[in-house]
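Student: What TrEMBL records for this protein is below:
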type: BINDING; residues: His12, Ser14, Glu170; note: Mg(2+) binding site
Amino acid sequence: AVGIVTTTRVQHASPSGTYAHVVDRNWYADASMPQEARQQGCKDIAWQLVHNVDINVILGGGRKYMTPAGTPDPEYPADSSQNGIREDGNNLIDMWLEARPGARYVWNRTEMLAAAADPNVNYLMGLFEPVDTKYNLVRNTTLDPSLTEMTEAAITVLSRNPKGFYLFVEDKLGLVHLGP
């Protein structure tokens, strides 16, 4: 079993290094790619997250890269800047769910905790913000899970595999030091 937990978007450079191959780390969705690259068959990072490897647990940010352009965000439905941006019309969340029996998708802390506690859930995707999750000091503790809570939920789900697991865990704290 394999899991990714991050406070960045799950399509960011470090977590995507576990599953994607791209020439530009900013190719989060097809809308982020040059037309020429798409015409040559290159795939964006979000597409590769769903199709390249079988990842059991995916927890972090990055909702807008997974849904078709114009799809309202469940947390910020009135803010069109948070809408989905995929130009290929694919809803990668739905595709991921359809390909994995026992899979669950969540977008808030309460749903994540309930899904992790459900012994029938063997696959869990939680995308808690349109882009990166909020820093711990400013996160909504009712809606947004902490890194610790995401890690514990991932371990709970991944531990159901008797063969063991690999879990990638990353905090975006390093981004603070990189500057704008």
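Here the Cβ of each residue, glycine as well, is placed from N, Cα and C on the backbone.
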Student: State the count of C-beta atoms found within 10 angstroms of the C-beta of Ser14 (Mg(2+) binding site), not counting that atom itself.
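Tutor: Result for Ser14 (Mg(2+) binding site): 14 other Cβ atoms within 10 Å.
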Student: Tell me the coarse DSSP state (helix, strand, coil) of His12 (Mg(2+) binding site).
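Tutor: Reduced to three states, the DSSP call for His12 (Mg(2+) binding site) is coil.
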Student: Which residues does His12 (Mg(2+) binding site) neighbour through Cβ under 8 Å, counting only same-chain ones at least six apart?
Tutor: Thr6, Arg25, Tyr28, Gly60, Gly62, Asp132, Lys172
Student: For the Mg(2+) site given as His12, Ser14, Glu170, which other residues of the same chain have their Cβ within 8 Å of the site's Cβ centre?
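Tutor: For the Mg(2+) site the neighbour list reads Thr6, Thr8, Ala13, Pro15, Ser16, Gly17, Lys172.
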